[in-house]
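For reference, the structure discussed in these notes is given below.
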Amino acid sequence: MYLKSLTLKGFKSFASPTTLRFEPGITAVVGPNGSGKSNVVDALAWVMGEQGAKTLRGGKMEDVIFAGTSSRAPLGRAEVTVTIDNSDNALPIEYSEVSITRRMFRDGASEYEINGSSCRLMDVQELLSDSGIGREMHVIVGQGKLDEILQSRPEDRRAFIEEAAGVLKHRKRKEKALRKLDAMSANLARLTDLTTELRRQLKPLGRQAEVARRAQTIQADLRDARLRLAADDLVNRRGEREAIFEAEAAMRREHDEASARLAVASDELAAHEKALGELSGRAESVQQTWFALSALAERVAATVRIASERAQHLDLEPVTTGDTDPDALEAEAERVAAAEQQLLAELATARSRLETARAELAEREREAAEADRAHMAAVRAEADRREGLARLAGQVETMRARVESIDDSVARLSERIEAAAARAQQAKAEFETVQGRVGELDQGEVGLDEHHERTVAALRLADERVAELQAAERDAERKVASLRARIDALAVGLERKDGTAWLTENHSGAGILGPMAKLVKVRSGYEAAVAAVLGSAADALAADGLGAARSALGALKQADGGRAALVLGDWPADPPAPQPAPAGALWALDLIDAPERLRGAITAMLSGVAVVDDLDRALALVAEHPRLRAVTLDGDLVGAGWVSGGSDRKLSTLEVTSEIDKAGAELAAAEAQVAQLSAALSGALAEQAARQDSAEQALAALNESDSAISGMYEQLGRLGQEARTSEDEWSRLLRQREELEAGRTQTVAEVTELENRLRNAQETPQEPAAEPVNRQQIAAATDAARSAEVEARLAVRTAEERANAVRGRADSLRRAAAAEREARVRAQQAREARLRAAAVAAAVADSGRLLATRLNAVVAAASRIRDALAAERQQRATAMAAVRDEVNALSARVAALTDSLHSDEVANAQAALRIEQLEQMVLEQFGMAPADLIAEYGPHIALPPSELEMAEYEQAKERGEQVFAPAPIPFDRPTQERRAKRAERELAELGRVNPLALEEFAALEERYNFLSTQLEDVKAARKDLLGVVDEVDARILQVFSEAYTDVEREFSDVFGVLFPGGEGRLRLTDPSNMLTTGIEVEARPPGKKITRLSLLSGGEKALTAVAMLVAIFRARPSPFYIMDEVEAALDDTNLRRLISLFELLRARSQLIIITHQKPTMEVADALYGVTMQGDGITAVISQRMRGQQVDQLVTT
């Protein structure tokens, strides 16, 4: 087995498909650094299942895909295929050549193939592990692998030997067994808990099963006794049947008379039906008219309410205007204008005084300056002459230029001051105008707020009215639905599935008058009491005499239609003698209204029955009058020596019919209420829509006013800010001008002084002046003039401020007066418009009230017409129902008379009815046909011995006693009755019996036995798995021990070759535990006493690691080895020694060596040259060294 070829497509730097063909021996791969030699090693490791990106010298696994260059785009996948020659069957697969392919895509997906078939990574690893190539890839010695071997933990070094020895598959088998053991432990604990719990439950359930078994025996005995009693009853009733015959001629005469009466009644019924149809159409039309008028009345009422509220609102809403009188504002404006003129005059006077004070001050300052100059002239005359006239002249020009600059600045500031004052005045005027408009809008806002609140309140009332009517309508509709459902449910209760229903559907014309519930009427509230007294007769059919009843029973029997109760018409009965009812009671006969033909039967059934309130009164009444029967309103019936009642009583047909009638009356009233509420709701919805529109309009007007006021306030803020800014600028500019004027005064004084000095210097002789000037008097006069000038300037400032304060105030007041007049005109116009609107609303309200009055009268008239038509229709329907009942009764009578020709069958039918009831009871309770019952349990059948007697007999026979077999016992009714009671008593003594105990016990016992078997199976399986683990441990121990022994021996030999005279050996860290022990490496090169591997040189470490790998290779050879620059750190001597080992390995394995060393190339059988041009893509060429011939082994 050896590597035949390696194909790379898009793997790392191999952008183009490249195939490297190998042969046995040593193959050297050479090339410059960075050309992609190690990528060949990475490709081999990757295709054989390597999963570590760092092992492949990358950050993530996707880094193996060609990333592209400046001239080549990146690829989307990487693919590597290695082909292995398997002619020696080293791999456990039936192919002489095996190809393994691995692909990776940019999205991280991977694919594996073996000979073109998809497979898993595990399949690849298991295939290679059997040939000594495990997941650790010890056959691939990459860069840094030598250091890793020596620096790894002893346990990691053990993994190299285990992989070479093929221990991995045994460890996988052990791990799999241990995982199964872990899972099995949970199942074993669960099974143990279940069996323990089932064992605990079996004992009490067994006791319950024994009780159930005993109950079955007693129940069988009880069933036998009851069956024999039922068979005796059936035989006795069959002997009671008799036949009665009536005269046929009398029946025929009565039949002809009834037929004539039936024809007359049928014609009358047709006339009633026609008239009722016409009345129904008229009533429906009137009902629709009433509904439309009611809705219109509700809408008119809503319109009246809205118009009344609007008129009241318009009358009460005040029209607000400003509180200021425009004439007063104009008078104030005139007064302010006069004050402004006076202030301007005062300002002119103050300015005139200021000019005089300034002239006086200038004169005094001039005199003072002349005095100073005269005083200083003599002192500085000589100095000034020495300083030179040129410098003084320059200073004079400079100071004059400064004065001119100050004059220009003052002029500009004066212009800016006037502009700022004008802007401030304009902003104040606009502010006052806008402020007046804001006041007007605020006054109008109050009215809009009030109007909006009123419209919202009106809308809320309309919403509440609509919600109230909708809730009432829903309640009424729910009531209608509930009543209809109740009527339907009660009608379902009237649908019978017994003989009564069969007779009604199939035999109604043969003497059957109809159900008793429809033929009789009971006073409201007494239905339950009368139904309790009538019993089954309350649900019975009325038959037209004895013959009709006989015929009906015969038809039932023939058709097997079930059982039915019949009340006989024209039954002879003497009316009871009138007597007062007992105190607190009513006679039952007085509470029922029945047709005359049924009066006899009703009298027979209800005679002597009194109706009382409660059971105590009934018991007391019967105790006082034993001949009477008493019944309570709840249906409890009391007689002499007996009481019947309770709560488990179903409603009779009579009661159900009465309930249907009551529900029908309530349904009609509820439907009328729904119609009234619908009409009212229609009008309320119209009112709600109108008030919704009013509220939305009021809200829109309010929002518009709010927007206008907000805009005005924003404008006020802007104008106020502009006024304040202008005033601040005016004040600031005034201060700047005053400062400049003060500086100008000082500069002018300096200029004057310099000019005087210059003039004195030019004119004054060298001798000083003869006489000084009186300077003190001049200085005092100057100070007085300066004080007067300051006071005059302050007076001008004060006058200017007062004038500015009132400037434009008169114009503002005049504009406010004009605005107030306009507001008053608009208010008057609004007042007149509201008055007109109020008049219109009042007129609408009055007209609406008049229309509402008329509509109410029309609605009332329509209601009366509707009620009259309804009453007439009800009367017509009642009359038609009476005629229909008469027609039905006559039809039944005619049919009954026809069938009554066979009246002799009535007695037999009555007996048959009783027998059928008994047979039905036997069939329902015991599931036996009457014939089988009599044949097996009839009175003629003797009773067999009981199980107890037979058991005693068998025991006596077993004891050898001379006994006779128990003889059958003849039937005896009292004995069977006692037998049945005894069985019932024994069954009651058993208490509560679990009928499913026998089945539950059997099922639980079966489950317990099954789980016990499963538990034993799991224990056995666990024992087998533990045996597998022990077996695998033993196999691992054996394989590892043998491999370690061989590797240890080979390591000593290989170390001696690489280090002649040196000593190296392998040592186990824990020899007592060969399953987990690690492996330490001890190496002592010749002439050195080293105890730690870290003290070895780099070359010595590399040789030591190579020695261990070669020892493993020789002890457990692998088909091929790949080495990546393992000899890079060796000198020539050690390299030759290593090459000698390569030549030894070449004999049994294929070597692929990445190298830069020439000696290594010399021993190679083939050379592969790997290059990389400027495009970053690897290219490969090859050279076969043996035979000095060149073969092309690479396809690119």
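Every residue gets a Cβ built from N, Cα and C, even glycine.
Worth saying up front: this structure is predicted, and the values here are computed from it rather than measured.
Looking at 92-146, 972-1026, the stretch flagged in Swiss-Prot as coiled coil turns out to be 972-1026. Its Cβ placed at the centre, G36 (ATP binding site) has 25 other Cβ atoms within 10 Å.
Fewest Cβ neighbours within 10 Å among the binding-site residues N33, S35, S38, N39: that distinction goes to N33. Long-range neighbours of G34 (ATP binding site) (same chain, six or more residues apart, CB within less than 8 Å of its CB): M1172. Ranked by Cβ neighbours within 10 A across all protein chains shown, the binding-site residues P32, K37 are led by K37. Residue counts of the domain 'SMC hinge' (510-621) by helix, strand and coil are 53 helix, 20 strand, 39 coil (DSSP-based). Taking the centre of the Cβ atoms of P32, N33, G34, S35, G36, K37, S38, N39 as the ATP site, the nearby residues of that chain (Cβ within 8 Å, site residues left out) are S13, G31, V1170, M1172, T1178.
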